[in-house]
């Protein structure tokens, strides 16, 4: 019985039977993989869940636009939505009617969408504060984190002094890991002040990376604006908690002969900015690249228009998807670790020795990853 | 003959995209070399001292992520070129 059910399951889910249904009277558009991939990893004013042959299941998100002189306009993006699957005869007339500047869909209240961007029909300035897909995903994941972590905090209060149960017992090892391995080792004795930020950054990136891998999800951490914000927060926290020792290391790097300081100072100053910049690009590129690879493997099936490609394509896609699960937590850990190291560098107290060169007694140079707690 | 075919394709798609494609391949090569080296050294170190394998593994993962970050910088540049941004 179990083998029969297994066989039925395998038959039903075997993707090799999937075939493109040929349309009768409708003109097929050529499959454009670049456009499909960019649409999936990019932001959008509507949340497109999935499409069947004739129906597109989309949630139309609100557009909130401010125009100086006209004020705030709030309306559903359905009014600006492009009507897809138009045949070639119908589209040219609409494009001509819109003044030849090729809006995606109908215009409403003087606003229209051009290549996903909100523009005015007469070219004046508009500030787009819309709740786009990524903004809604951000609010949603924020709510999820709020629910999860307030329940953990509540159960800590309830189970004071007793063994942890439930969701608390799942997250406790991770929180302890961040506290002991990341914060204490990199920041040293003053780590407690920065624990909230480190924990928030870790779980925010991890949850959003994982959520982005689910079908129909928004690619939030692959949005460079989001990673830019996280990097800016790291930079601000580093700068605001820096002490004289930190700036002394930048403007007067110890152990460096005086003439070389002329090169070292600009390099160190650029380094202050480049380090958060690299955090931003690393997270953005890792997550976006993973999504692009998975989507490319699926597009292979549509490019070759043959179900025979499906087993290989799905096998590779599955492998990359599982790898992305590892990348999700690894990138969150790396971001948190590097943030902790930069903060540690900023709050580091002055060491006993003046020269950070070869230690004659023990014979080993300063380690690449400084651990102020060890001194 | 293969080279002339390659040059024909380069002419058709545009030299910039051709350069971006070669660049992306070189990036993969560089990242593979770097991470392979660190993986090899880590294996050796674990073989010499199995008790330290936890620390070595952690350090290896950190360095691999840093190298991968650098590789992805270059991939982003190649993508920017090929989408002509």
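Every residue, even glycine, has its Cβ placed from backbone N, Cα and C.
Copied over from TrEMBL:
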DOMAIN    B:18-81  domain 'V-ATPase proteolipid subunit C-like'
SITE      B:68  site 'Reversibly protonated during proton transport'
TRANSMEM  B:12-38  transmembrane segment
TRANSMEM  B:59-83  transmembrane segment
Counts by DSSP class (helix H/G/I, strand E/B, coil) across the domain 'V-ATPase proteolipid subunit C-like' (B:18-81): 63 helix, 0 strand, 1 coil
Neighbour count (Cβ, 10 Å) for residue B:68 (site 'Reversibly protonated during proton transport'): 22
Same-chain residues at least 6 beyond the ends of the transmembrane segment (B:59-83) whose Cβ lies under 8 Å from its Cβ atoms: 16-17, 19-21, 23-24, 27-28, 30-31, 34-35, 38-39, 42
For the domain 'V-ATPase proteolipid subunit C-like' (B:18-81), the mean pLDDT of the predicted model: 91
